[in-house]
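S.K.: Sharing the feature lines straight out of Swiss-Prot:
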- Asp88: active site, nucleophile (ACT_SITE)
- Asp123, Ala194: substrate binding site (BINDING)
- Cys280, Cys282, Cys285: Zn(2+) binding site (BINDING)
- 573-648: domain 'PUA' (DOMAIN)
Amino acid sequence: MFEIKARDAMGRLGSITINGKKIETPTIMPVIHPNPKKQTVSMDLINKMADVVITNSYITYTTPELREIAETKGIHELIDFKNVVVTDSGSFQLSVYGDVNVGPMEIIDFQEKIGVDVGTILDIPTGPDVSREKAESDLIETFKRAEDSIKRRKEMGYKLALNGTIQGSKYLDLRQKSAEVMGKMDFDIYPIGAVVPLMEDYRYREVAEVILNSKMHLPTNKPVHLFGCGHPMLFALSVALGCDLFDSAAYALYAKNGRYLTADGTLHLEDMKDLKSFPCTCKVCSEYTPKQLYNLEEKEKTRLLAEHNLYVTFEEIDRIKNAIKEGNLWELVEERCRSHPKLLNGLRVISKYMDFIEKHDPVSKKSGFFYTGYESMNRPEIYRHKQRLDRIQYDKIYVTSVSENTSKPYHENLSNVPCDVDVLIKDGVFGLVPLNIDTMYPLAQNEVPDLYDFEKKYNNEFVSEFKEKHSEKILDISTYNYYINHYGKKKECDKINPDVFRVGKMLEYQYGAKILDEELMEKVKTRRSKNTGRIRNLLLEKEVLFTLRANDNFLIPAKSGAELLHEKLEFPKYRIVIDSSVEEYARAGKSVYSKFVKDCDPELRPFEEVLVVNSDDELLAYGTTILNGRELMEFDYGVAVTLRGGLKK
């Protein structure tokens, strides 16, 4: 069972429950050698740091003394780990040696027998440099083994959860096919396999594309494990692309070769030995100088170096979790990807998939948008803004430029004449910023350095296309000046209320429809904050319809506002339909759980304000969804909507 608690980009801070044990994602599974004598780092430390580990059932199966202990006392006793134990099936050995001495069903039976929490099918790992014909034939065999494994578990009543590994080599259409076929089977976790050769060769562009082409066709309600990814420098990008689990043998393997892991790359202890101190404050690095560690006996040096590598690995995972909570995961990704040019390739290629990524990225975040380089131009926040500009119902448009020194929000620092013309400011990052919505996230909640000339030109094509699309409504400067002069001569009673007009445009941008018609425009009023002087509420006959949330200026409906949205928005827009059995709970304002969602607006994005209705489209409640439209239909566990209020009968 998987539940999302917080999110940013496609990264998910979540909770997996397996056999009554909980794993917080994203997380790393340290690889544990099934032979305790060969385990580099003590299991006492592993038990303190990890919620989940991964070990090899094939080595256990083929080593008589290990097999005997595992079969009599269980895998947890063998490796001395109390929480969730995942096992590989021998697929790695198959990829290295070309053959294994165990059958696909035999290894499933064995994993169940030794009490594994999450087992793995014996799939066929297909490297990146094989022919398409070979990749296709391997995939067909993996599908057969997967189907047989699921059938075996069901027929035998096995309790173990199962990994269904996605294969397909470097062929993206085969990765898609693998995800589609495997996704229809009842697997609990979906590892993306055979990417280690790509990572070893720094082919991060291909790694990113393999992840995305798999994610697009996998069920959203199941965790995704990037098999073999153990270097912390790749975690942030992989999490941002939707990976929840990683496994690391790197902490031990690198230590044996004297390699010192950092979040930005790998250093060699031999090259560091003359430094006064380590660039780390973990227990190992605090107690030893580089020279002291380097001069230790080999076995002890390897153990301590492995401990450091494990510390820095978990530290990066914790840093990513915090970034998800704070809403600045993209900034961390951009920072990490600048640590190596090949990683930057991985970041740049994802712009091709922004239509997919944007669907998972929250519409609003705790942190502002920080521009850290040219790649920031392709972030989902900007992509979404450009798409949603077409939600605004324009009558007359004037496009202009402002001085680079003009502070945001623009409308507070320009002498703009109030009228019913939509004035759009050319913006180097966001393309166009309508003055009437310029306080909404992320248009005012951003920090951008002085742009280079080539960056300033990035949005020229977008602006030209927008103007061409709306050419009949575009005013030139002479017409605009004539119009505002003419408008200024109108009687006060004939003029629009600029604050109400502004809020109307904000509602269009946020909800994609005209919420305030002409009649309402004359009836509603705004109320400004006494502290900031900014618009805080929209009212109808002294009753609050919407509150402009201070941090992002999104319009949050009160009960009457929700009723207005329900009236103005056509079904299924911004709706979530729930089962009749929980109608009364919704009316009472209690959270809506995923398993009770029957239908929804497929275009919903995470953290949008939604209307909760029954099958007759009767408004029951209103609140915020943590899931997008597709996820709402696929998740069957955890909270779907946090309600702000319910409508009692």
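Each Cβ is built from the backbone N, Cα and C atoms, and glycine gets one as well.
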S.K.: What's the CA to CA span in angstrom from Asp123 (substrate binding site) over to Cys280 (Zn(2+) binding site)?
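M.R.: Spelling it out, the Cα of Asp123 (substrate binding site) and the Cα of Cys280 (Zn(2+) binding site) are 39 Å apart.
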S.K.: Calculate the distance in Å between the alpha carbons (Cα) of Asp88 (active site, nucleophile) and Cys282 (Zn(2+) binding site), and round it to a whole number.
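M.R.: About 30 Å separates the two Cα atoms.
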S.K.: Which ones in the same chain are close to Cys280 (Zn(2+) binding site), with CB under 8 Å and 6+ residues apart in sequence?
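M.R.: In sequence order, Thr262, His308, Tyr311, Val312 meet the Cβ cut-off.
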S.K.: Give me the sequence-ordered set of same-chain residues, not including Cys280, Cys282, Cys285, with a C-beta within 8 angstroms of the centroid of the Zn(2+) site's C-beta atoms.
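M.R.: Neighbours within 8 Å of the Cβ centroid, excluding Cys280, Cys282, Cys285: Phe278, Pro279, Thr281, Lys283, Val284, Ser286, His308, Tyr311, Val312.
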S.K.: Which numbers of helix, strand and coil residues does DSSP report for the domain 'PUA' (573-648)?
M.R.: 17 helix, 30 strand, 29 coil
S.K.: Using all protein chains in view, find how many other C-beta atoms are within 10 Å of the C-beta of Ala194 (substrate binding site).
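M.R.: That number is 29.
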S.K.: Sort out the sequence-distant neighbours of Cys285 (Zn(2+) binding site) for me: same chain, 6+ apart, CB within less than 8 Å of its CB, listed by position.
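M.R.: Long-range Cβ contacts: Ser277, Phe278, Pro279, His308.
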S.K.: Between the recorded positions Asp88, Asp123, whose Cβ has more other Cβ atoms within 10 Å than any of the rest?
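M.R.: In terms of Cβ crowding, the pick is Asp123.
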S.K.: Look up Asp88 (active site, nucleophile) in the DSSP assignment and report helix, strand or coil.
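M.R.: Assignment for Asp88 (active site, nucleophile) reads strand.
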S.K.: Have a look around Cys282 (Zn(2+) binding site) and count the other CB atoms within 10 A of its CB, chains all included.
M.R.: 16
S.K.: Give the distance between the Cα atoms of Cys282 (Zn(2+) binding site) and Ala194 (substrate binding site), rounded to the nearest whole Å.
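M.R.: A Cα-Cα distance of 32 Å.
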S.K.: Do you know the mean pLDDT across the domain 'PUA' (573-648)?
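M.R.: Mean pLDDT for the domain 'PUA' (573-648): 98.
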S.K.: Using DSSP and collapsing to three states, where does Cys285 (Zn(2+) binding site) fall: helix, strand or coil?
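M.R.: In three-state terms, Cys285 (Zn(2+) binding site) counts as helix.
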